[in-house]
Amino acid sequence: MSVFNPHLILHLLLLTVVTGEILRPRFYSETCPEAESIVRREMKKAMFKEARSVASVMRLQFHDCFVNGCDASVLLDDTPNMLGEKLSLSNINSLRSFEVVDYIKEALEKACPATVSCADIVIMASRDAVALTGGPDWEVKLGRKDSLTASQKDSDDIMPSPRANATFLIDLFKRFDLSVKDMVALSGSHSIGQGRCFSIMFRLYNQSGSGKPDPVLEPVYKKRLNKLCPLGGDENVTGDLDATPHVFDNQYFKDLVSGRGFLNSDQTLYTSRETREYVKRFSEDQGEFFGAFAEGMVKLGDLQSGRPGEIRSNCRVVNRRHNDVLLVS
């Protein structure tokens, strides 16, 4: 097994300047020196309260960064004039643990008012979700601003469905200059957490409109899923995304090799010729997976729209200014 050294592997990536804000490690070293330790402390509290919550927070980075860059737009509540991203097809009844970000923001506002962006909170908290569950730790680049708006349509147009296949995912990630290896490694975020029965009903009972289950499903695993997610049952019931849902490891890839991927978009990574080799490599070498995952998360965190932004005082609403006095809308 290879030795994982995140600081060595990511040295060049951490010097990258991306379009939009200039991101750098230790961005808050002078303005809020305890920012990263505060975020990790609050993430530990959340994990002890509900183990699944940290995986849910990590998912926020993916659903935020792919839609107009990493700008915390996914956190915004709807308003009479704006349909946000929380009710988009890929997020409704799915994204959760927004309150964890609220607790982190509250703690940061007490320590350093109007300093740390919600967008940076998502990036730091996602890293901590991985590190606290046994996965790699890495240095994050910070300095993002928070979006002034959000778009349900943009989220619907971009985010993949659980039915997506490897070819679709490769094309999606390519749009953001993320390689096939990046895509497979980042899919390993499903090493922790759970998914809903809603996302797999077609696999169990009507794969590709055949009226039959996905033939790739390992028989014993399929029976377990049939019991968990029966026809006519509650499709909001959740199942583990891999066999070790509270530990960030390479079990996810071992499960794919064995035909025990929960989501179609996961299992297709092993059945597709373009991605199978990476799945096999990560299943055999956890250190290689950890290195590739950390590298991919840094690249994902680099995505920016270049649009104007602000530092929100409340992650769920944009600030508004009237006569130079900052108010919360």
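Yeah, the Cβs are placed from backbone N, Cα and C, and that goes for glycine too.
Heads up, TrEMBL stuff is auto-annotated, nobody curated it.
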Member of CYS229, CYS315 annotated by TrEMBL as disulfide partner of CYS118: CYS315
Disulphide bridge to CYS112 as given by TrEMBL, partner from CYS32, CYS65, CYS197: CYS32
Among ASP71, ASP242 [binding-site residues], residue with fewest other Cβ within 10 Å: ASP242
10 Å Cα neighbourhood of ASP64 (Ca(2+) 1 binding site): matching recorded positions from CYS70, CYS229, ASP249: CYS70
Rounded distance in angstrom between the Cα atoms of ASP71 (Ca(2+) 1 binding site) and CYS118 (disulfide bond): 8
Neighbourhood of CYS65 (disulfide bond) by C-beta distance under 8 A, where only residues 6 or more apart in the same chain count: LEU300, GLY301, LEU303
Between SER73 (Ca(2+) 1 binding site) and CYS118 (disulfide bond): CA-CA distance (Å): 9
